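Peer 1: I have a structure I would like to understand better, so I am pasting it below and will then ask my questions one at a time.
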Amino acid sequence: MRASSLAFTAATALFSVSDAASVDAWKSRSIYQVMIDRFARTDGSTTAPCDKLYLFCNGTWSGLIDHLDYIQDMGFTAVQISPVVHNIENDTSVGEAYHGYYPDDLYAINEHFGTADELVKLSTALHDRDMYLLVDVVVNDMAQAFNNTIPPPVDYSLLNPFNNKDYYHPYCNVTEWDNSTNYQDCWLYPYGVALADLDTESDTVVDMFGKWIKELISNYTIDGVRIDAAKHVNNAFLPKFVDAAGVFALGEVLTGEVDDFCPYQTQGYLPGMPNYLEYYPIISVFNGGAMTDLANMREEARASCSDTLALGSFAENHDMPRFASYNNDMALAKNAMTYIILNDGIPLVYQGQEQHFSGGETPANREALWLSGYNTSAELYVTAKTLNKVRNTMISLSNSSSPSYVDSQAQTLFSNTNHLCQVKGPEGYQIVSCVVNYSSTGSSYQLSVGGFSAGDAVVEVLGCTTSTADDSGNVTMYMDKGEPKAYILQSALNQTGLCNTTQDAATAAKKDAAVGVRSSLAIVFGVAVASVMMVL
């Protein structure tokens, strides 16, 4: 047993896990995903190099504590962190375990990230801010470096607590990605690191995992877990593990197929998952695809899953290429950010997305955030901050409504190849938004979209412009340069802390067009009603 043991008792933690454990409590949260080794260093450096992305760059829990303002000021109310347990120490042919996904001792802390006391301090610091802590956990395998000899010559006695070959499946390599027996019982990626596949069908293994996760949750006052590679463990193991944890769980089920994804909810295996069903259309529609594909997938997911409001809504994570690696257009990135924060489910933003990082395949997508200087003026930082503030406000104001904002499903008002407009939230607390897949070179035009009542005074919060809904409850949106739009009632604006000054939307549009005359197509719910109108 190593010195930094998970048996450490967090006696000083004042925040009750039960306060944060429920699915409903998590639905009101907005999660910022941190890769600890790449977020902040203890020394506070913003220049320390991190050019060898497969090696440790020395981010820590203490560094994260020192930069919680950066996250909270962006409006996030929960933080997801990398796995916290001890990993292999080797520099292998696939690099070091900077990410936390090569565990070899579940009962010891990863000292590269800090001490047990520092992890407690992180948990306490988050709870002092009324923020939740979600910790990534690995349950599919234990890791050991090897020389690529097949089968891997694993010394099981070095692994804790699963220190016997009997706790594992016999070696076989995952080769059949559409065969659940193969991808659940065989070993992943046998290159440089042997990922010994745990026999999660075994009652003994289930009990040992249950004992460990209960201690981990209790010792560090953890509010939720992300279960890595949940698709690769025995299905029946998952609800037992979640029950033992006693907190909300997001299980990684990496598939874009409804029939593979939704049964994890409908059959009671997991309460929530990162929403890969919509992730793939999000990437597609902002890179030449039709926005109707995204709208259709949302409806298909609702019809097939138990609760899409408990899914994590995301456009980037540490496993997938950055959004900007496909297309670095800022307007498209803003639209993607708008959709994931105002969509159904729990917003989930990966560190660096707000800085428009553009790394491709792993490990290029795991850049050091400190090299951005934690720029709070970055366009996407400001966009995320605005949208989170609006969402948080509507959640708070509608708390006593039935349904509340978080319990309301977004309703599509209009979608076509280039637009997806929706309304989410009960009347009086609704947000009407439109995302488009035109780039920043997009032309000016007007779009008339409903979602309000006749005569409602509304504010577009991303541009701080005001409008009045017509007799049909429609608002004229002055679209330009591919920018997204998000509207709320003007009566709710003061509670958001946004838009200290506003201007009339039509007047603002004329000012923007003053440099020249542009042609503009007026559209009402996607139907052209005037071929060309001049915007002066």
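Note: Cβ is positioned from N, Cα and C throughout, glycine not excepted.
TrEMBL: automatically predicted annotations, no manual curation.
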Peer 1: Looking at the substrate binding annotation from TrEMBL, with R226, G256, R366 already listed, which candidate in D185, D319, D407 is the matching residue?
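Peer 2: For the substrate site that includes R226, G256, R366, TrEMBL also lists D319.
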Peer 1: Check each residue in the chain of C305 (disulfide bond) that is at least six apart in sequence and keep those whose C-beta is under 8 Å from its C-beta; list them in sequence order.
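Peer 2: Once residues fewer than 6 apart are set aside, C305 (disulfide bond) is near V258, F261, C262, Q265, T266, L277, L311.
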Peer 1: What's the CA to CA span in angstrom from C172 (disulfide bond) over to D228 (active site, nucleophile)?
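Peer 2: With the alpha carbons as reference points, the distance is 20 Å.
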Peer 1: May I ask which of the recorded positions C186, D228, C464, C499 is closest to C50 (disulfide bond) if we compare their C-alpha atoms?
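Peer 2: Comparing Cα positions, the closest of these recorded positions turns out to be D228.
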Peer 1: Quick one: of the recorded positions C57, C186, D228, D319, which has its CA closest to the CA of C464 (disulfide bond)?
Peer 2: D319
Peer 1: Within 10 angstroms of the C-beta of C499 (disulfide bond), what count of other C-beta atoms is obtained when all protein chains are considered?
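Peer 2: Neighbour count, Cβ to Cβ under the 10 Å cut-off: 20.
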Peer 1: If you count the other Cβ atoms within 10 Å of each Cβ, which of the disulfide-bonded residues C57, C172, C186, C464 comes out on top?
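Peer 2: The residue with the densest Cβ neighbourhood is C57.
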Peer 1: List the residues of the same chain that sit at least 6 positions away from D319 (site 'Transition state stabilizer') in sequence and have their Cβ under 8 Å from its Cβ, in sequence order, or write 'none'.
Peer 2: L254, T362
